[in-house]
Amino acid sequence: MDVMKLMMSDYNVETINDGLDEFNVEFYGPKESLYEGGVWKIRVELPDAYPYKSPSIRFVNKIFHPNVDETSGSVCLDVINQSWSPMFDLSNIFEVFLPQLLLYPNPSDPLNGDAASLMMKDQKQYDQKVKEFCERYAKKENITKATSDEETDDDEDVTDEETRSSDDEIAGHADR
């Protein structure tokens, strides 16, 4: 019922393998935050014991945030990872927990050490990097691209090569 409730809301929900235990949700950065205007695909996986056990949540497209692992997209959020309760539902994740995570990052408990360090040392540069990531990875068209990239994950050599080229491009732009 929880998944159906989310599907009936304003969220765009895309099921995976025609089941209700794994799906993607389109998530927009909260207003008046550095992430405003960004769009992310959030992968949700529900364990067999859901709602008694917390769902697994991760960002599919890249985001620069101290509490989100840049490589896997995993989220470090106490309310999901440690203090989950069956009283919460999926809409809490998208209406409260994720917006609060983006509005109030916690650099003292990081999954992305670079983002945490930059945030503590140079807030202005951190803000700029967040906006650059939003511009580069969090546009509506990136959600479609993220899906096609996932489908080609079987060919690791191509994916690694594409990652290297894109990293080289980023480094090249920074040098100019």
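Note that Cβ sites are derived from N, Cα and C of the backbone, with glycine treated the same way.
Feature annotations, reproduced from TrEMBL:
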- Cys76: active site, glycyl thioester intermediate (ACT_SITE)
- 149-160: compositional bias 'Acidic residues' (COMPBIAS)
- 161-176: compositional bias 'Basic and acidic residues' (COMPBIAS)
- 1-139: domain 'UBC core' (DOMAIN)
- 142-176: region 'Disordered' (REGION)
Model confidence over the domain 'UBC core' (1-139), averaged pLDDT: 95
The domain 'UBC core' (1-139), counted residue by residue under DSSP: helix, strand, coil: 49 helix, 24 strand, 66 coil
